[in-house]
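The structure appears right after this line, and notes come after that.
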Amino acid sequence: MAGEGEAKTLEETPTWAVAAVCFFLILISIFIEHLLHLLAKYFNKKRRKYLIQALYKIKTELMLLGFISLLLTVLEKPVANICIPKSAGETFLPCGGVDSSDWSEEEAKCAEQGQASLLSREGMRQLQYLIFVLASFHCISSIFTFGLGMAKMRRWESWEAETRTLDYQFATDPRRFQLSHQTPFGKRHLRYWYENSVLRWPACFLGQFYGSVSKVDYLTLRHGFIMAHFDQDNSFDFQKYIRRALDKDFGVLVGISFWIWMFSISFIFFNAHKFYSHYWLPFIPLLMLLLVGTKLQAIITLMCLDSHDKSLVVEGTILVRPSDHFFWFGRPKLLLHLIQFILFQNSFQLAFFTWTWYKFGFRSCFHRRTEDIVITLGMGLLVHFLCGYVTLPLYALVTQMGSSMRTAVFTENVVEGLKRWRAKARQNLKISHSARPSLDASVDPSLSIDTSPSFSLSASYSIDPIRPLDRDHVTTEVIDEAKHNDEQPGEPKRNDSFEGFNVSNAAPATEKQSARFINTWQL
């Protein structure tokens, strides 16, 4: 029997009590698993497969954090038995002192040797609470930020519908000539403070808050994207393409990479009392977020200035030219990783504040004064709001203006059809190599082996079907169609080959067009 004041073990606990606790724990786990399954079915019904992938990534991250918590439980006693020099155990303390009134058995054992325990058993248990709170905050904050951004981007649907009206077609008619600074986009970005290299950055910093992602910016960037990749195909739904691309990027935002874990460990290290981290650490995510938003706003301005320098007179409206050189180090994806880092670090700080509040009280040594609490909570909530409502929609629009076109340009039906065609084409190629004398008899007539291994998306671009379609971007290749037609004057384009394949069939505005494309190629 346990002595008075000692905790009871399972040997002294009724079996019905243990069974009841296990039953409720399993019931809660099954309930959460069922909710995630229903959510995946809902995303599948809405044809948003990238959100399903993000949901599985969230489950993977939760399993990883759960495994870390399990390791802490298993290694609780071995770690507590590790003794370190007493001088090292009294450095970098978060509260500036050591309370030795309630030592555990392992701590007392190390103290008898003139040393200190590396991490007490109680500290290991508290660390498990921190991991649980961190996992909860990271998931909730990521979903909140993504939902806030999608709510603001809902207005883009009406802007996209306006591009199919006669008024918009008349305003962008290439037969109408006007000066670039007279266009709505030019009036917005061709101002003195934007043209000045010194005043441009402060103006862009303020511009991300006032009228961020205006209707003029959306329509102009949409026009430049379509002209660069689709050759005036106004039937392309740019808003749905951005939504699919952002769904895929959300899977990156909810992930936790190795270098983000390293920065989180450094956050724990600098939480020592001597660094006064509560005065400067909460401002790091905010400063990084403002820098990213300023850069995104500056990219729109630089594209306008670039088009203005190349042509003072425009046909219809200003034509911006997508290019990677507007982004840092020519990598648009770098901005996404910065936003991922900002969200996780901000979630970590809010989780750390909640954990210290729960375990040590509201007025603990971690937050002695009211200013500490106001700074931590104020900066945390402000960063999440700005990231979701300002930076994320701006990122979703501007990062589409890189040199490459992302695979999200295809609808899910088209992607699956192209994958099946690729697998069937490889199978037929193997058959043709195994029976080369009777090539015509062994190859399925539905697939033409005589055609080129790349099929044209438009008059200007083509895609290599041998490369996997699940990459982040589609490699584009400029093709001189007139020269190609001159070289083959006697071969008209056929509808049953991949020559002259228009992207309006690859990324149709409706699912009926996608099904018609797949049936055409007998996939």
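Here, residue 1 is simply the first one shown, and the rest follow in order.
Cβ atoms are placed via backbone N, Cα and C, with glycine included.
Given the structure is predicted, the values throughout are model-derived calculations rather than measurements.
Listed in TrEMBL for this protein:
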TRANSMEM  16-36  transmembrane segment
TRANSMEM  56-75  transmembrane segment
TRANSMEM  127-148  transmembrane segment
TRANSMEM  250-270  transmembrane segment
TRANSMEM  282-305  transmembrane segment
TRANSMEM  334-358  transmembrane segment
TRANSMEM  373-398  transmembrane segment
COMPBIAS  481-497  compositional bias 'Basic and acidic residues'
REGION    481-512  region 'Disordered'
Counting Cβ pairs closer than 8 Å to the transmembrane segment (282-305), the top stretch among 127-148, 250-270, 373-398 is 373-398
Highest Cβ pair tally under 8 Å against the transmembrane segment (373-398), stretches 16-36, 56-75, 127-148, 250-270, 334-358, lands on 334-358
Near the transmembrane segment (127-148) in space but 6 or more residues beyond its ends, with Cβ under 8 Å, are 58, 61-62, 65-66, 68-69, 72-73, 119, 246, 250, 253-254, 256, 343-344, 346-348, 350-352, 354-355, 358-359, 384-385, 387-389, 392
Sequence-distant contacts of the transmembrane segment (250-270), meaning Cβ under 8 Å and at least 6 residues beyond its ends, amount to 50-51, 53-54, 57-58, 61, 64, 92, 138-139, 142, 145-146, 277, 281, 336-337, 339-341, 343-345, 348-349, 352
Near the transmembrane segment (334-358) in space but 6 or more residues beyond its ends, with Cβ under 8 Å, are 126, 129-130, 133-134, 136-138, 141-142, 145, 249, 252-253, 255-257, 260, 263-264, 267, 271, 281-282, 284-285, 288-289, 292, 295-296, 327-328, 364, 366-367, 373, 376-377, 379-380, 383-384, 387, 391-392, 395, 399
